[in-house]
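Asker: So Swiss-Prot lists these for the protein:
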ACT_SITE  Lys120  active site, N6-AMP-lysine intermediate
BINDING   Asp36, Ala37, Val38, Tyr39, Asp40, Ser85, Leu86, Glu118, Arg141, Glu178, Lys298, Lys322  NAD(+) binding site
BINDING   Cys416, Cys419, Cys434, Cys439  Zn(2+) binding site
DOMAIN    598-675  domain 'BRCT'
Amino acid sequence: MNTVSSSDQARVQELRQLLQKASYAYYGLDAPLMEDAVYDQLYHELVDLEAQYPQLITPDSPTQRVGERPATQFVSVQHRIPLYSLENAFDRGDMDTWDERWHKLVPNLSQEPGYVTELKIDGSALALTYENGLLVRGTTRGDGTKGEEITQNVRTIRSIPLRLNIEHPPEWLEVRGEAFLGLQVFDQINRDRIQAGEAEFANPRNAAAGTLRQLDSKVVAERKLDFFAYTIHISGPTDDLALPQTQWQALETLKQLGFRVNPNRRQCESLAEVQTYYDDWSLKRLDLPYLTDGVVIKLDNLGVQDELGFTQKFPRWAIAWKYPPEEAATRIEQITVNVGRTGALTPVAEFKPVQLAGTTVSRATLHNRDRISELDIHIGDTVVVRKAGEIIPEVLRVLPELRPAGAQPYQMPTACPSCGQPAVQLETEAVTRCVNASCPAILRGSLIHWVSRGALDIDGLGEKIVGQLTDSQMVQSVADLYELNEDKLMDLDRMGTKLARKIVSAIATSKQQPWHRVLYGLGIRHVGSVNAQLLTENYPTVDALMAVDGDKIATIHGIGPEIAQSVYEWFQTPTNQTLIQRLQSAGLQFEAIVSESTQPQTLSGKTFVITGTLPTLKRDQAKQMIQDAGGKVTGSVSKNTSYVVVGADAGSKLTKAQSLGINQLSEADLLALLQ
């Protein structure tokens, strides 16, 4: 290793500081200090010096954004603070409803909290963690509670500082924001992919998400992702960093720390002003160098935000007001019919591909016979399609003046396209159904549902393998899955020993899934995962559930008459009773391990919040234990919170609990309460 001269050491430090200052001016202030060519020259000088003296390389050096060894996989990590998505509004009526709702939850405000409006960037959400001023982790949104750690890739984004622009940083700080691709960069990426013989990305959002999950950070660096910050969480104030009291102050703090914040934001005193901002940008946004699909509205006062807290999915103090979806005209080329696991025949319009909200769309559901009649659909019709919520394509209307001569109205098939048996439509339903219990399409759909993550979670059994199992008649019921072995699976096309062993192991493991998952996996009409949980809480064994009628089931809070009757009729069907017997013989769980009728309700009436990482219990385990003992677990601290269970790296919930004088429990304290 070369000996470093004092002059070279000083030069490295000077270059580092100058390049960091230039990056902050360029990305944080939109005020470049130097030409790109000058920056590049200084950057390469630093690269050369660090190559000569590797001992001088530091994690926050600008050179460390690129060139790390490709990752082999991404690790799932728990978010310190949940990274929630936002509730959507699609018109002023939705906005008024939201505004009335949060006002009712905080009726005694001394003054209005105000609003901050920001453009909703069409990209991928990131959570950035800084410790003592240094970037230590970058994480995707994931499911909101856990995301994938992609720190190597995040470090390549030039608008994300590796070191905070502050002399006395807090112990930890978390920033949330949106990674995105500018339109020019996106177009260049697609041109490069075409030249390389690769498929184009459908839209900038998909390209950004795919880029962030690249295993090679050099590829990420080449694609020039950008980043706007919009939320900050701070462990505590420091000598030169005060805790923001408003959302507007939080954005200014982010700028001060070196982050790029979207300049097109505004403080508003009323919904009328929010409406003006929304209307102003409805057309101006089309001239922006990046895509935006709406406006994010947040209450400005952070104290009111804390008081309102969160639902299970969204913050109550923020909402995304989406712009109307794009519409396009196209011609229906054919209508195909899909058969679902419940036997429902769903017509799907196949049409000439069109661009909608930045994506290519070539098909859309027509729902059912009534919807087809309402639209008066003919094969060959020119129709207007749009994306409902800018996600699901739908046929909005027909342009009959463009209908070709001789076109015939489309009629739903009278026979199932999968099995050929007669299709029926009950008077009480708009849906046409196949009622053949042996229909291959119904069986295939039932199996795919059974093995899905929310049900029995049988890893390795994807749609292709399920299709082979049903086509070969190796599996004609979900119970047949539990008679499979490696030798049988090896008869399938492209099945290797390793995969066969994995599938057999996953099938065996699925026998330990709890009763509520088994009930959900059975695919009873109208019984989703939440309803399955409610049913098993009230009927902890399958025998208990089979012994009651629909009227009794309907007395469960949250279970209506239609759901109750569907459950009752399913369990009265002889073939379903035989299925239950076979699954019981295979060893699946049809009894709750701990039922509410026998578990002591020692925590009844108590409300808990869990924060940080517990020593031995996973958060879901602790939550379940509290609920089994009659307690309630919420996601935010309020004056109604009885206890806060505190683990390592506890965040702002602990700070708020301390300010409210709420009792704090360790994991050991919680376990003692449960005894």
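Every residue gets a Cβ built from N, Cα and C, even glycine.
Given the structure is predicted, the values throughout are model-derived calculations rather than measurements.
Describe the structural context of these features.
Answerer: The Cβ of Lys120 (active site, N6-AMP-lysine intermediate) has Thr292, Asp293, Gly294, Val295, Val296, Ala320, Lys322 as same-chain neighbours under 8 Å, each 6 or more residues away in sequence.
DSSP assigns Arg141 (NAD(+) binding site) to coil in the three-state reduction, placing it in neither a helix nor a strand. Shown in sequence order, Leu83, Ser85, Ser124, Ala125, Leu126, Ala127, Gly147 are the residues of the chain, 6+ apart in sequence, with a C-beta less than 8 angstroms from the C-beta of Arg141 (NAD(+) binding site).
Reduced to three states, the DSSP call for Cys439 (Zn(2+) binding site) is coil. Within the same chain, the residues at least 6 positions away from Cys439 (Zn(2+) binding site) whose Cβ sits under 8 Å from its Cβ are Val339, Gly343, Cys416, Ser418, Cys419, Gln421, listed in sequence order.
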Asker: Could you give the Cα-Cα distance between Cys434 (Zn(2+) binding site) and Lys298 (NAD(+) binding site), in whole Å?
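Answerer: That separation, Cα to Cα, works out to 48 Å.
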Asker: Is it possible to list how many residues within the domain 'BRCT' (598-675) are helical, extended or coil according to DSSP?
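Answerer: Across the domain 'BRCT' (598-675), the residues distribute as 27 helix, 17 strand, 34 coil.
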Asker: As a test of the contact definition, list every same-chain residue at least 6 positions from Leu86 (NAD(+) binding site) whose Cβ is closer than 8 Å to its Cβ.
Answerer: Val296, Phe314, Pro315, Ala318, Ile319, Ala320
Asker: Taking DSSP as the reference, which of helix, strand or coil describes Lys298 (NAD(+) binding site)?
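Answerer: In three-state terms, Lys298 (NAD(+) binding site) counts as strand.
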Asker: Over the domain 'BRCT' (598-675), what is the model's mean pLDDT?
Answerer: 83
Asker: Starting from the Cβ centroid of Cys416, Cys419, Cys434, Cys439, which together make up the recorded Zn(2+) site, report each further residue of the same chain whose Cβ lies within 8 Å of that point, ordered by sequence.
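Answerer: Apart from Cys416, Cys419, Cys434, Cys439, the close residues are Val339, Gly343, Pro417, Ser418, Gly420, Gln421, Ala423, Val435, Asn436, Pro440, Ala441, Ile442.
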Asker: Can you count the other CB atoms that lie within 10 A of the CB of Cys434 (Zn(2+) binding site)?
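Answerer: Total other Cβ atoms inside 10 Å, all chains included: 25.
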Asker: Between Cys416, Cys419, which of the binding-site residues has the fewest other CB atoms within 10 angstroms in the structure shown?
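Answerer: Sparsest of the binding-site residues Cys416, Cys419 by Cβ contacts within 10 Å: Cys419.
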